[in-house]
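Step one of this worksheet: look at the structure below.
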Amino acid sequence: MLSNCSSIRPSSFLRLNSGFPLLQRFLFSTEQLGNKKPDGEAVSHDDVAAVFRIIITSYSSEQMARSLEESKIFLSNDLIDGVLKRLRFSHGNPFRAFEFFEVTGKRRGFFHTALSYDTMLFILGRSRRFKEVWQLLVDMRRKDRTLITTRTVQTVLGRIAKICSVRQTVESFRKFRKLCIEFDTNCFNALLRTMCQEKSMSDARNVYHSLKHDFRPNLQTFNILLSGWKSAEEAEGFFKEMSELGVKPDLVSYNCMVDVYCKNREMEKAYKIVDKMRKEEIYPDVITYTSLIGGLGLIGQPDKAKDVLKEMRVCGCHPDAAAYNAAIRNFCIARRFGNAFSLMDEMAERGLSPNATTYNLFFRCFHWANDLVSAWSLYKRMRTEGCLPNTQSCMFLIRLFSRQEKVGMALELWNDMVQKGFGSFTLVSDVLFDLLCDAGKIDEAERCFTQMIEKGQKPSNVSFRRIKVLMELANRKESLRNLTEKMTVFQHIAAPLDDRRVDESPEVSPSCLLQPC
């Protein structure tokens, strides 16, 4: 399950000895480095981009230290937070990210922020470096236990629960008793939220009942448990237990009940909850109304759902993008695209820019209808209005291009991704490389492959093998050699989840999770 847990130790990320004089000079220099940027200057996006570039192109700690020193960029806490955040969301090389974290953290008089630690823990956990995760947590406890917050607990448990059993996740949770200053209900809530997000509501329910006597459930506990149920009966059970324990429901609690009734098409019960809220002087907010809009759509009443938008404004609750998206979705389901586009225009008129989620409602319909013309036209509108697609948008488009063998459109989308930095390169590239290889476009495949590596993104092993076979058949030995060399920068990265099955990782042991504290 957790591959290569024991393959890399923190000491192997950074070896400080006489063989690295530049690295030592970098660590003990205080000339340009500190906890705060001088003169109250804000962190520059250009500086973040420059440091990010240094990290993904460095082949050793020595080279990274040299490049950082030569750049003369002030490595403040804010800048490091920004760089690590970018490494996280760009799925950058975790090996290099940890080297950077270690290099900057070992400077004299410097201390990482709690945000930097949590981001680094997320990056390591996502790449299955759980031994390093626990060693970093021990380091946090040694330096300052206040660094370990409920956010830290949820970050670590979320990565563990993603690929491990409920039992292993709960065992890992118990390890935090020795790490946290206060191992209290807030930590328990972090575990429950993880169960809801990464496992199932049934797992969350079972964990709650098995541990509730060790903690004191509060309002947040029940709001977490109420928020994810598809079954109205289960939600009603927790709502009842909540009252029995003397915990008074708030707006969030009632919104959860409205939402579960709407999802189950029980609109009468949903409106009864709304009436009860008003009697208790807890007034519906935009989330309440958005649930009602979605529920009315499910029972085939998109026009009545649209009227809710007007009702909201009358009540002084102005619809947001999510509320409009819910109403647009109803018309898309009914294949009434004219009404859907009218609502999207109304959004813009009221100062609410349609977002990627808005466009995806249409892309999904065009994808299933195999309507390339409409999808491409919508994408061009999206570009014109300056709305960046997200990964889901890109996947709808690239699959449609692949299905209809539109290489030119696929490459245009890819070039936009490279230039503007949106979407998942890993997911899109798998479909793109299949399309290019099927079309015999070796030069284009090589260019896209190189662009991806230059962005610090690891192409999947499946894609690399596909291109390798094509190059061997075309006798492109030099090109193949170049790509193989470029791939060596990723040799320490654990294979992503989409490259192999979790349950086929025999080298993983639960002991990787439960390192001694």
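Every residue, even glycine, has its Cβ placed from backbone N, Cα and C.
Owing to the predicted nature of the structure, the values given are computational and were not obtained by experimental measurement.
On the 0 to 100 pLDDT scale, the model's mean across the repeat 'PPR' (250-284) is 96. Among the features that TrEMBL reports, repeat 'PPR' is placed at 250-284 (among others).
Taken from TrEMBL, the feature repeat 'PPR' applies to 285-319 (among others). Outside the repeat 'PPR' (285-319) by six or more residues, the chain places 251, 254-255, 258-259, 261-263, 265, 267, 270-271, 274, 277, 326-327, 329-331, 333-334, 336, 339, 343, 350, 352 with a CB less than 8 A from a CB of the stretch.
Under the heading repeat 'PPR', TrEMBL lists 320-354 (among others). Here the repeat 'PPR' (320-354) has long-range neighbours at 286, 289-290, 293-294, 296-297, 300, 302, 305-306, 308-309, 312, 361-362, 364-365, 385, 387, meaning same-chain residues at least 6 beyond its ends whose C-beta is under 8 angstroms from one of its own.
For 355-389 (among others), the entry in TrEMBL reads repeat 'PPR'. For the repeat 'PPR' (355-389), the list of distant contacts is 321-322, 324-325, 328-329, 332, 335, 337, 340, 344, 347, 396-397, 399-401, 403-404, 406, 409, 413, 416, 420, 422-423: same-chain residues at least six beyond its ends, Cβ to Cβ under 8 Å.
As annotated by TrEMBL, repeat 'PPR' applies to 390-424 (among others). Long-range contacts of the repeat 'PPR' (390-424) within its own chain (CB-CB distance under 8 A, at least 6 residues past either end) are made by residues 90-91, 356-357, 359-360, 363-364, 366-367, 370, 372, 375-376, 379, 382-383, 431-432, 434-436, 438-439, 441, 444, 448, 451, 455.
Away from its own ends, the repeat 'PPR' (425-459) comes close to residues 52, 55-56, 87, 90-93, 96, 391, 394-395, 398-399, 401-402, 405, 407, 410-411, 413-414, 417-418, 466-467, 470-471, 474, 476, 479, 483, 486-487, 489-490, 493, 496, 498 of its chain (Cβ-Cβ under 8 Å, at least six residues beyond either end). According to TrEMBL, the feature repeat 'PPR' maps to 425-459 (among others).
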With DSSP as the reference, give the number of residues of the repeat 'PPR' (425-459) in helix, strand and coil.
27 helix, 0 strand, 8 coil
In the repeat 'PPR' (285-319), how many residues does DSSP assign to helix, to strand and to coil?
26 helix, 0 strand, 9 coil
Quick one: DSSP breakdown of the repeat 'PPR' (320-354) into helix, strand and coil?
26 helix, 0 strand, 9 coil
